[in-house]
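Colleague: Attaching a single structure in structure tokens format; questions to follow.
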Amino acid sequence: MSEQPMYQALLEDSITNNTNRQVDFQQDFLSDMKSVLRTFQLMKDINAINTKRIIKLSKDDINYSKSIASFSFDSEYLALNCSENSIVLRKFSNGESIELTKHDNEVTTLAFGHKKYCLASASDDGKLKFWNDAVKNNHPNQEIEAHESGIKCLAISSKDTYLATGSSDMTAKVWNIKDFTQKIIVEDTSDICAVIFSIDEANIIIGTTEAKIVVWNIEHKKMLYQLNGHENEIKSFSIANNEMGNLLASSSEYEIKIWNLDKIKLQFSFNDYENQFSNVSFCPKGKYLATGSIIKSQITIWNVEDSGIEAIIEDHSESIDMVIFSPDGKYLLGIDYNEMILQTIYCKERKILVSCTKKINSLCLDSTKDILATASEDMTINIKKFSDTDNTESATFKFNRPVKAICFANTFEMKDSLAYGLGDGSVFIKNLSNPPSSNSDKLIKNFGSPIYALAFSWDDTMLAITYNQSNNIIINFIRENTQKELSGHLEVVTCLAFTYDSKFLLSGSNDKSIIMWDISKFNIHIKFKEHTDWVNSLAVSRSGIGASGSSDQKIIIWNLNHFRKEFIFYGHTGKITTVNFTECSKYLASGAFDKTIHIWNIVEKRLEFIVHGHSDNVVSVLFTHDGSKFISGSDDKTVRIWDFNQNVGYKNIIELYHEKTRVDDCLVSLCKRFSVMRKGDSFVPNLFKGKANFDLRNYSPQEWSCLFDDKSILILKSLNTNRIVLINPQTGEITESTTEEYRGKNENYLANFPQLFEPGYQNMFNHRNLIAWLKQNTLSNISVNSLNCAVGLSRFTGVHIAAYKGCHLVLEKLLEKPIVYLQTDNYGFSPLRYSLERQNQQCTDQLLKYINFLSENPQSNIFIASLHSVRKDFCLLLRNSSSQLQDFFSSCLHSYSDQIQSIEPREQLPTLSILSTWTVSIDDFSKAKVIPNKTNSPGQGNTQNSIINNEMNRNKLPVLLKFSRIPIDINSFEILNSLIQNVNEDIYRTEFIQYIIKFNWEKMKYYIFLLSILQLINVILLYLAIVTFSNQNMIINSIVIVITILFWLFEAIQLIADSGSYQKDEWNVLDFFRVLSTLSYFISLYFITDMPEACTWFVMGTNLVRGASAFRFFEGTRYYIRLLVVSIKETTNFLCIFIYSVIAFGILRISVEKLDFSFNQFFVLPFAFTAGVIDADESINPVRGLTVIIAITVNIVVMLNMIISILSDSFDEFQYKADIYNYKEMTMVIYESMCIKKIFASVDANEGYLHICINALDDPVLNWKGKVLDTRDCIEDLSDKVRTQLQRIENNFNAKSKEMQEQMEEIQCLLKKMKET
């Protein structure tokens, strides 16, 4: 019976791209996170192996006999000790093996050279073999008896100058490889177990069985120093150079140590007496150190800089005998007794498309992006049909000069046209539809010097050309075959790019500038001078974004719609040679002389990932049409194609292991609480928590199929009968049924493991570390680097997970090592969203604190990207009460405080606007264009004093520019509603929030004004209806009813928009009762002619009070309206006591004077008495007099003084919170007006960056500086006079001191003579 596979998703496959799905975010992203975490918990005992990135070779496959191996210098070959004392070289690319001449005895050690394929091997009989080129010749060039006893270790120096051997005869020898003469012999008192050369070849380092590490100078043949600290014999060495200096790693049985050889001190030490270390191995750049575990069967990767564990790799089933990094850093090899496991550290290319004999100069794709053209120094152009990457057929055109530049035409009419420029200065246009043998290429012109760059306009009417020894650009009009020159650069033009409308041409030059040319006028439109070195590459996107790469290692993103710099990407460590956008403009690829490709996310303003693979400078990078792949060309003579998304097409490359046994399938319930593994002939249950209380051993996979239904009930179906077994995994309850009776819904999905376990282009060690900690359900000891990794298709980073789980102590590590980008997941949410939704306040505080810390370096990519990531969480942040919010909102607004300019503003200041670019320009606010001046460019630092003092034109004002660093929808109802509901009122003090409110106020002020006028008109009409016409004029009454219905509609809209905040606003409560009572009152007039006074009073009173809200439109009266409301609130408790005292004296008066009980006697007259209306005569009796005295004392003297004191305190507090009350009142008015505006017009979204221009003298920081300039000038003049006078006094004092000193010396000489006589 064939086995039936089980298919069930570990994670919902429907989550692919959030932008293409309509989801309930509140539930979807949180449930998705919960699903991912539960999946990892279910797989805590399961190890996933990616067969594409991890290659397992058993002892039977390669027949190795001992765990001895060495990589060749280029990582192409691996030398192994195989059976019968043989040495085999295995080539990685094709699995080819080369067997070398055997030793007579057991091989004990071997090593490749560092510059060529030289190889040394030694055996336990003391013999040494050496091959000058082991790949070409399998017979050794040298074979000598090096030692009297067995050789235990050997090493070759970094330049292949020396060879060192260590033996059990207690000697170490250094041999000159050129002639194999002995350079130095070191004798010791114990066996030599390890040898290694210093990086500069000057010293030999020796490790002994007596736990000594001794450093000898080779040239002078003397011991320099000894390193002590190990307890047992030295087993291995590894050496590297990084930013910390020259480092030596050493291992003994239970210890590993890292020594700083420059400072001759111990850098790091670790011991584990429950484990044994096999050896140590540095990666090439010294960033990581790998150690093998003999007892725990695992490889540990250490971060050298942090001295902490970066990752633990548990792919081996036996003790680790050896672990080594390849010289190029691409591989990590682990060897145990039964197998060798080779791990690919970096993601490999999909395929090498083209291999040339010389370096590649240029790449280009045609307009359909189906054809790839490659230009090379080998004087060829290779044309390859790109749509079929597995097709090896291609056309090659040969020339008599190197091809320097190529460029495809863009339109359908010229789709087969390819322009190319040669090293002799010739420029041709080739029609690819013609046979390769035809000589029909159209010559444009021979410029007599190598061509630098070519670019077709997007309408193919022009071809732009630049060449060596010329600073000009040649524009060739293709149809007319005529040329024009563009002059403006001071040095050679190196790169060109047309905008998509063909109206502008961008050019970059060695003069460090970029010029944007207006093609219609053939003049300079604008010149950018932001780069500090040669501009090497330009790219333009369809959305109007440009990018430039330079030798200054910076990529500048330009907003070509607004003609200004947008932001800068930093990251490359070599000069940048190429930049290219995806069709959607979201991503940018860059290549550089650091041999890497960087992929940047333009939307998120951050580095997406780094691609390693080329062994030489990257000269060109292109994206395919759909952006799913990218192509790169390099000086290593190869063109490679890479998958952009490494999760695509990886369905069948993940192997699962449980307790070292292969898992055939893994079935997971939809709730992610239960799983079932199929291992061979049995099913094994697994629970999210606890142990399974049911047994599946009686159900064989050969007889039963297994799946979960939509309610996570485990269903076992017999393959031979109609029998069905239902198992509740939570309770263990088992019931039986048949296929006819069962009506449950089966949920079967194809498993997609790479979502969770494929790191893609992320750091493999960091990614594996994150997964390991997620399986253990703890992030307590995770490395900071691992927090930057993402898992699953939803792209949850370690920071997202920590925020969701409430691990605030983990987030504290971000401040210790601020290298982590806060990223958005595929839902567009930052980690802050998860801490806010889960109400993990400490995590929210830590994340905000981290952003505030990053803001100290506002130009850094980490800060820009991290702040940008929270844009969709902004509204939720407004409702939070974090103490970090004020600093956060302050960091959201940037001010050019060192750049004050004088302009004639277009509008009255302050002026606020919303633009798609975050870079603010003075031209956006000035009536006349401001001529750029180096002295007042952003960041150059022009003093405020000189600008303001030199201002002679009365129409000009000194202005200060500010802009928001985060894009938000300024007109959003949600932002205003969040501001109203915010419990941390101090955010109203921040400039950013104030400007958001001011901007909305300016946009809504006419609606607010009309609403205020409508309120006053309503009061006037009420007065006319009730007082003037005594409710008898039905026309006026009807008008009042219409206006009241309109007000009712306004209130209904606000109530529907947000019922929660509606009830919290006292004006809304008043409006509710006002509208209800007024409408009822005037409708009743149609049936009742004489309305009760109380009803009339209530209706008129509520409308008069609400009418006062019209004064909120005016800044001066708004202040007092809020003060009145606050005063009433503050005196509420006092008024309760006061009213009680009034009533008490009323009752006392009624009782004494035996008056009739009435409202007037009970409350009105006592209240009037309190107000000063006192009716007393001479006949008043003592009891009445005592009542009057007490009433005056309590209600007038005590109570009035109390209320004065309370109102005084309230006023003081109000003064302190004046800004808060003012802007909060404005926010509520704006929100109310927006709700009303929705009836008559739509409120459009207006997402962008807030740009602000204010009078420099009104800025809170510069305010005082601007108004005391004259005083400062006077003080400076006075200071000069004082300094001059002080200098004169000091000179006189020095002269007198010198004179006195001379006199003292004369007196001392006289005294000396007197003593002698």
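In case you wondered, yes, glycine gets a Cβ from its N, Cα and C as well.
Note that the coordinates shown come from a computational prediction; the quantities given were computed from them, not determined experimentally.
As annotated in TrEMBL:
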- 1272-1317: coiled coil (COILED)
- 100-132: repeat 'WD' (REPEAT)
- 144-178: repeat 'WD' (REPEAT)
- 227-269: repeat 'WD' (REPEAT)
- 486-520: repeat 'WD' (REPEAT)
- 528-561: repeat 'WD' (REPEAT)
- 569-602: repeat 'WD' (REPEAT)
- 611-645: repeat 'WD' (REPEAT)
- 1006-1029: transmembrane segment (TRANSMEM)
- 1035-1057: transmembrane segment (TRANSMEM)
- 1069-1088: transmembrane segment (TRANSMEM)
- 1134-1152: transmembrane segment (TRANSMEM)
- 1186-1207: transmembrane segment (TRANSMEM)
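Quick one: where do these features end up spatially?
Modeller: Mapped onto DSSP classes, the repeat 'WD' (100-132) shows 0 helix, 16 strand, 17 coil.
Per-residue confidence over the repeat 'WD' (144-178) averages out at a pLDDT of 94.
Through the fold, the repeat 'WD' (227-269) approaches residues 155, 190-191, 193-199, 205, 207-215, 275-287, 289, 291, 302, 304-305, 307 of its own chain, all at least 6 residues removed from its boundaries and within a Cβ separation under 8 Å.
Summarised by DSSP class, the composition of the repeat 'WD' (569-602) is 0 helix, 20 strand, 14 coil.
Within the chain carrying the repeat 'WD' (611-645), a Cβ under 8 angstroms from the stretch's Cβ atoms is held by residues 74, 328-330, 346-365, 368-370, 372, 374, 376, 386, 389, 574, 577-584, 586-587, 589-593, 595-599, 760-761, all 6 or more beyond its ends.
Counting same-chain residues at least six beyond the ends of the transmembrane segment (1006-1029), those with a Cβ under 8 angstroms from any Cβ of the stretch are 1036-1037, 1039-1040, 1043-1044, 1046-1047, 1078, 1082, 1096, 1099-1100, 1103-1104, 1106-1107, 1109-1113, 1229-1230, 1232-1234, 1236-1237.
Tertiary proximity for the transmembrane segment (1035-1057) is limited to same-chain residues at least six positions away from its ends with a CB under 8 Å from its CB atoms, namely 973, 977, 1014, 1017-1018, 1021-1022, 1024-1025, 1029, 1068, 1071-1072, 1074-1075, 1078-1079, 1082-1083, 1085, 1232, 1235-1236, 1238-1239.
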Colleague: May I ask for the residues of the chain that lie six or more residues beyond the repeat 'WD' (569-602) and have a Cβ under 8 Å from a Cβ within it?
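Modeller: Non-local partners: 533-534, 536-543, 545, 547-557, 608-623, 625-627, 630, 632, 634, 642, 644, 761, 860-861.
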Colleague: Would the repeat 'WD' (486-520) and the repeat 'WD' (528-561) count as touching if the test is at least 3 Cβ pairs under 8 Å, pairs 6 or more apart?
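Modeller: Answer yes: the repeat 'WD' (486-520) meets the repeat 'WD' (528-561) with 3 or more Cβ pairs below 8 Å.
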Colleague: Please report, as numbers and ranges, the same-chain residues at least 6 past the borders of the repeat 'WD' (528-561) whose CB is under 8 Å from any CB of it.
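Modeller: Apart from its flanks, the repeat 'WD' (528-561) reaches 494-500, 504, 506-510, 512-516, 567-570, 572-581, 583, 585, 588, 590, 592, 600, 602, 916-917, 919.
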Colleague: Please work out the helix, strand and coil residue numbers for the repeat 'WD' (227-269) from the DSSP assignment.
Modeller: 0 helix, 26 strand, 17 coil
Colleague: Could you put numbers on the helix, strand and coil content of the repeat 'WD' (611-645), residue by residue per DSSP?
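Modeller: Secondary-structure composition of the repeat 'WD' (611-645): 0 helix, 20 strand, 15 coil.
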